[in-house]
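K.L.:
Right, I'll just put the structure down here and ask away after.
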2 protein chains.
Amino acid sequence: MGGVSTADRAERVPKQDRSRATRQRLLEAAVACLAEHGWAGSTVSVVAERAGVSRGAAQHHFPTREDLFTAAVEYVAEERSVALRALFPEGAAAGDRHAVVAALVDLYTGPLFRAALHLWVAASDEDQLRGRVTELEARVGRETHRIAVDLLGADETRPGVRETVQGLLDMARGLGLANLLTDDTARRERVVQQWAGLLDEALD
Amino acid sequence: MGGVSTADRAERVPKQDRSRATRQRLLEAAVACLAEHGWAGSTVSVVAERAGVSRGAAQHHFPTREDLFTAAVEYVAEERSVALRALFPEGAAAGDRHAVVAALVDLYTGPLFRAALHLWVAASDEDQLRGRVTELEARVGRETHRIAVDLLGADETRPGVRETVQGLLDMARGLGLANLLTDDTARRERVVQQWAGLLDEALD
């Protein structure tokens, strides 16, 4: 107890804020780097430079390359989950399932999905990455499933509803893959339109 | 014309057969190599050694690395298409859509999908590969769509049917991705079961 003056405490808080801001810049730079240059081109040094942080500071926050990139994909996935829930503050949106399906599919067509895809593919070849990424994927997948169930107003106590929602998220992932090399927006919108209708019937 | 004796001709035919067999061994080795070691670990030399072919012979068949690996993915995709059609020789199988959906999904869970995924991800970072792979993906995608429509007995003149089938293939691709790091068979079978039912209602 004691020994910490008010002045000391006031000084420590901004330091923690600075540290948090540095960490956040590193995480965002790591996802952007992974999305643009793939796993082979993504090192702690490259990310530190992009974030405007010294290599030592980066290594203080993330001792290994695996730490940095798995934390980055998780951080951005959480940010996106929060943003997705904020889009539909009313919760269950059974009245506008088309908008919910479109928003869920959007999770898989941006830089986060590209980054995650690079990480998955690298993890399929590298043993030390595989366990970490498998765990991360399971956590992020569970959270995305929970959000989908809530926003679609799906009743998972009814048989088949859980698998209907899972299949929708698998479809969203496949649509993300189809968007990797070319702009697949026009086709994707038609598929989303059609399956949002089929889903509406299946969930009611 | 003349000048080509019967004996010459007889000698030439087995030579062509040998050449075709060598080419085939190279293509199969290339897909296996890509699936196991990814793009970075897949060179013409590695594949030639795996196929038991000299590097010179490999380069005679495939002048560049891009030639070899795009030809390999296309060749194996064609083999799988032929095998898929042979599974349902009666054509339209509206009576057993579950089996057709399961067989379509199987296209995306084996070594071919892993190989293609490595190629796609590499192509998203490498300009000289991107054009080739985009073209290849479009060709293979069109053929898979045609097979799906035939085997499901889907009537594409009805509005929405085309997009229903496309969404199914997107889901199959997403299921392939979900199977990359862990064995997702049990969950996948439940999703296939459920979506085959949704499809049945949508197509009839």
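Here the Cβ of each residue, glycine as well, is placed from N, Cα and C on the backbone.
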K.L.:
According to TrEMBL, which stretch among B:1-21, B:148-168 corresponds to the feature region 'Disordered'?
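P.N.:
Among B:1-21, B:148-168, the range TrEMBL annotates as region 'Disordered' is B:1-21.
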K.L.:
May I ask for the residues of the chain that lie six or more residues beyond the DNA-binding region (B:43-62) and have a Cβ under 8 Å from a Cβ within it?
P.N.:
19, 22-23, 25-26, 28-30, 32-33, 37, 68, 71
K.L.:
Using DSSP, how many residues in the DNA-binding region (B:43-62) fall into helix, strand and coil?
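P.N.:
In the DNA-binding region (B:43-62), the DSSP-based counts are 15 helix, 0 strand, 5 coil.
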